[in-house]
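A.B. asks: Marked as transmembrane segment by TrEMBL: A:58-81, A:93-110, A:140-167, A:179-200, A:206-225, A:237-257, A:277-295.
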Amino acid sequence: MSSEPALRDGSRDDSRIHDIGYRHYDGERLGRASIRRALFSQSLRGAYGLGRSGRSKVLPMILFAVMCLPAAIIDAVTVYVHLTKLPVEYTRYAIYLQAVIGLYLAAQAPQSVSRDLRFKTVPLYFSRPMERVDYVLAKFGAMAAALFVLTATPLVVLYVGALLAKLSFGTQTAGFGKGLLAAALLSLVLAGIGLVLAAATPRRGFGVAAVIAVLTISYAAVSSVEAIAYSRGNTGAIGWLGLFSPITLIDGVQSWWLGAHSAAVGGYGPPGVVAGIVYLLVALGLIGGSFALLMRRYRKVGLG
Amino acid sequence: MTVIVTEGLTKRYPRVTALDRLTMRIEPGVTGLVGANGAGKSTLIKILLGLAPATEGAAAVLGLDVATEGPRIRADVGYMPEHDCLPPDVSATEFVVHMARMSGLAPTAARERTADTLRHVGLYEERYRAIGGYSTGMKQRVKLAQALVHDPRLVLLDEPTNGLDPVGRDEMLGLIRRVHADFGISVLVTSHLLGELERTSDHIVVIDGGSLLRSSSTRDFTQATASLAVEVTDTDRHPDGTRAALTAFAEAGLTTRADGRLLLVDIRDEDTYDTVRDAVAELGVGLVRMEQRRHRIAEVFDNRPTGHDEK
Ligand SMILES: Nc1ncnc2c1ncn2[C@@H]1O[C@H](COP(=O)(O)OP(=O)(O)OP(=O)(O)O)[C@@H](O)[C@H]1O
Ligand SMILES: [Mg+2]
């Protein structure tokens, strides 16, 4: 981004004597990619309260500990009771702890984007070399990375425990790998949904409420309709219902593509190859769609 | 080197034409951009930063085309928005460091430049406190600091005196003068008051309804438009003192127009004051007031039909 020094100096009003106090900056000016990285790491750290007030660290750190604690307990049980396999599948872990993940997203997505909107700081970013897409990429990437840290760390804890308990290396490594893949997909999907909802309003409280509402209502609705379908013996429908809530969507993707056991009622995952493909497409569509919506949202707030 | 050039620049929104074939040139120095509400000042700044496409026409900033070189322009230009843009819960230092990083400065450089810049805009110990507790004047200084922190070659200041009391206004205007005089950075500063920019700017551009009304050096400008407001008493000899003074001024070669009891005398040069004083003394009427009128932009617009030759 730096212009040639010759041009810079030549065009300065160098005929006048500058204030002794003012020094010009002739150092390096990093380009868009570095600026994007700087915003990414600042936002990622911010999602755990790092570089912010002590108070902002409390909630994310507690939730992080709550995510990891069950994994540590499972490890302990596995080692002491000499289990031959982990009592929880790697891919199931996030589904058990979805409430914690939802709470984390509800707190941190608005934290990441609402402040810039509420205090009208966004135009200041766009008055700098970065473009809209850089801002959205950095914020999206940071939220997804923060969620990945939250969901993948307990899997690491589980994996280490499994190896300490001398469980089969091959089976555990394969399971762990699939778990990481599913965690990455979950992080991207949830980051997109969380940021779109949070960026829709400069009011932080609304953002928090919207994220919690969307996650819990959709999950409750899917679960109860699944139960109804199950009681009527309509098991083919169960495998499709999971499309309508983020967590069950990921469950469908991982049960079809990664061979995980479905968490749906009766274990009915996507009923066939078409359904499997639809699940994957919907997940990818959600990620791409959220990105597009964020881009649109920030076009409006540019320099209004 | 010309700092800003626009050529037939037009910006149409669905309902309004914000800029209408604006053609002008801005040289290094402090330039005041004056226009009433909705004249198109902020729209022009947005286009100059490469953030909104022009509907027609072209513009270049520091020799770079706004349509294609937005990121390069923004690396070398600072921008101070007209609205609030500061998060209340962080300190000025934290905020300006972050903005410096967003301009591409490495962490150490960002911290050093922030310390320097905040000192230059007059923020000292308070820079470690949360911005939420600052006065309007201090907040405006933080906004100015974030526009200067990356050592731009040009800053675009959108209504920097907005919301300030007279003292704060004068301090801000002094600071703006220094940005050019001491830091060597060119300034484009907007306002809807011509009067306050007269003292700060080398050059003044007036726009109205998105088109150029006038562009001239401040010297030409004030000579042509500044006036002296004079009010006199009536005496036995001159029952209508105002009328008598009007005649006397005309005889002394001054251009005057009456506005009720107020006489507005065009200030041609320093001697105008003496001429008025002498004429009043000669008549023997009392001088109630004699003051230089601060021009509201509306007056400039009223003069439009007979206005100054546009450059
Ligand atoms: N994004 C937009 N969409 C539609 N109309 C707009 C938009 N931005 C500005 N305008 C209109 O364009 C015109 C010029 O606005 P602009 O903000 O440039 O004026 P201004 O000179 O900065 O005024 P002020 O002194 O109030 O800040 C106004 O009529 C305004 O309503
Ligand atoms: Mg404006």
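Each Cβ is built from the backbone N, Cα and C atoms, and glycine gets one as well.
These figures come from a predicted structure and were not determined experimentally.
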A.B. asks: Taking residues 6+ outside the transmembrane segment (A:58-81), which of them lie with a CB under 8 Å of any CB in it?
C.D. replies: 47-49, 87-88, 93, 96-97, 100-101, 103-104, 107-108, 149-151, 153-155, 157-158, 160-162, 164-165, 167
A.B. asks: Tally Cβ pairs under 8 Å between the transmembrane segment (A:277-295) and each listed stretch (A:93-110, A:179-200, A:206-225, A:237-257), then give the stretch with the top tally.
C.D. replies: A:179-200
A.B. asks: Report, as numbers and ranges, every residue of the chain located at least six residues beyond the transmembrane segment (A:93-110) whose Cβ falls under 8 Å of a Cβ in that stretch; write 'none' if there are none.
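C.D. replies: Distant contacts of the transmembrane segment (A:93-110): 47, 59-60, 63-64, 66-67, 70-71, 143, 146-147, 150-151, 154-155, 158, 179, 182-183, 186, 190-191, 193-195, 197-198, 204, 207-209, 211-212, 215-216, 219, 247, 250-251, 263.
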